[in-house]
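The following features are taken from TrEMBL:
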TRANSMEM  A:6-32  transmembrane segment
TRANSMEM  A:39-57  transmembrane segment
TRANSMEM  A:63-83  transmembrane segment
TRANSMEM  A:95-118  transmembrane segment
TRANSMEM  A:146-166  transmembrane segment
TRANSMEM  A:187-211  transmembrane segment
TRANSMEM  A:231-252  transmembrane segment
TRANSMEM  A:264-284  transmembrane segment
């Protein structure tokens, strides 16, 4: 690598960061549930698939895009409330592993009902944004990636405003910090949990549409959550900011690694490089960059 | 000295509590708190003070406890059949053991959370905030700091302030003196006494530090192995030093 090409490096870096935003999108859905319920929600991927599939199917049946968006969001909110009522409330105060298993079951139920409702074929999803690259001072940037990053940025800003400046958001943060104390002073834990699930459904919708447009809406779409895991390990399971930074690191590092280290391994390291980074991180800082360090009594 | 009233605010008769369906924490506790009264709940470590306060606020479910009682009334309503939030909104507000402030939230957000829990309007919240800052001026300086970074004394004031945001008629406190310097303890109990005298706030306070609790309470109930073994005027109990050692296990002279 005698002649280091700076503009090429920047191009790879920007491409990586933008795809990292897409990972962060998925990871934020996990963070919302983890913060309030203390459980890694295995159903986040299927929820994302469900949202994308419902949207595509509505569009294919001739419903206008804005109306379809509203309908899907309403459906996701209802599903969120239903999950809180029927799965989480009866299992309150159970050990985390019980809750985790419950979300695992939930994942199959959500995925199965998506298939039952809309069938199993692959759908193309066109959001009306082309994937053609354009030139910014000699660096090629994907139009779609930029659009996705913009949407993700707006969504994060909306979430942060909601959590910082509303009473429900404040209750949510209180319950995340100490659910027992929050219940004792009268905060409505059920409503807070339902809010978290609705917010996670909203995130699943946004992520589902962007990922669906990229990969096509099909059942393997629920597997994009696998990319969220290293992001969560890096950023911490309970930090939205961590999810964003973690996503950016994963996106950038895997693209850079592919281009600059990949040739030494015969290429194709992009697929697993994020997991290696996550593993190293687990050894050094298990709580993640922004995660709360847990002290557990045994 | 002891204010009397026809109907107690809190009535507990023959309260018993079992944890996990097997561990008996309380066998027979009788307890009354009348309006405008400060009652101290005394007893050694493990006597069941925390369990009594948890029962009264109906917080046992979260720790897998089961309560039964012949009579369990707060202001006429059965407290064992009301949710913790309903009790808060009716005016029975707990200050938990170990303060339990929301560490990542700022001091002011912690206070506001107390008003949200009691379903207070924005106008009421602003008014109560003003009042709490007047009672605990130290909190004003720290209002923008994360609660987790404040001192133990400040956190205890914050926990009490958060409860006051709900405009309680009966405040229950679990070991408010725990881990605090004697001067801070004095400060906190003096503020509680003032609230009691000026506004008629009824207080039920569990304490291992019997000396300080008896100095401010009207009456005391002594718990021993899950039974309310003894009930007396605070002045009388204070005068009998030998009894104190016997029942309370430990004598403290923080006051």
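Note that Cβ sites are derived from N, Cα and C of the backbone, with glycine treated the same way.
A TrEMBL annotation is a machine prediction, not a hand-curated record.
Residues of the same chain lying 6 or more positions beyond the ends of the transmembrane segment (A:187-211) and with a Cβ under 8 Å from any Cβ of it are 22, 25-26, 28-29, 32-33, 35-37, 41, 44, 47-53, 55, 69, 72-73, 76-77, 79-81, 83-85, 88-89, 125, 127, 148, 151-152, 155, 159, 162, 168, 171-172, 174-175, 179, 217, 221, 224. Same-chain residues lying 6+ beyond the ends of the transmembrane segment (A:6-32) with a Cβ under 8 Å from its Cβ atoms: 40-41, 44-45, 47-48, 138-142, 145-146, 148-149, 152-153, 155-156, 159, 196, 199-200, 203-204, 206-207, 210-211, 214, 224-225, 227-228, 231-232, 235, 237-240, 242-244, 246-256, 259. Distant neighbours of the transmembrane segment (A:146-166): 18, 21-22, 24-25, 28, 127, 129, 172-173, 199, 202-203, 206, 210, 240, 244; these residues of the same chain sit at least 6 beyond its ends, with a Cβ under 8 Å from one of its Cβ atoms.
Counting C-beta pairs under 8 angstroms (sequence separation of 6 or more), the transmembrane segment (A:95-118) fails to reach the transmembrane segment (A:231-252), with fewer than 3 such pairs.
Long-range neighbours of the transmembrane segment (A:39-57) within the same chain, counting only residues 6 or more positions beyond its ends whose Cβ lies under 8 Å from a Cβ of the stretch, are 26, 29-30, 33, 68-69, 71-72, 75-76, 79, 83, 96, 99-100, 103-104, 106-108, 110-111, 113-114, 117-118, 123, 125, 200-201, 204-205, 207-209, 211-212, 217, 219, 221-225, 228, 237.
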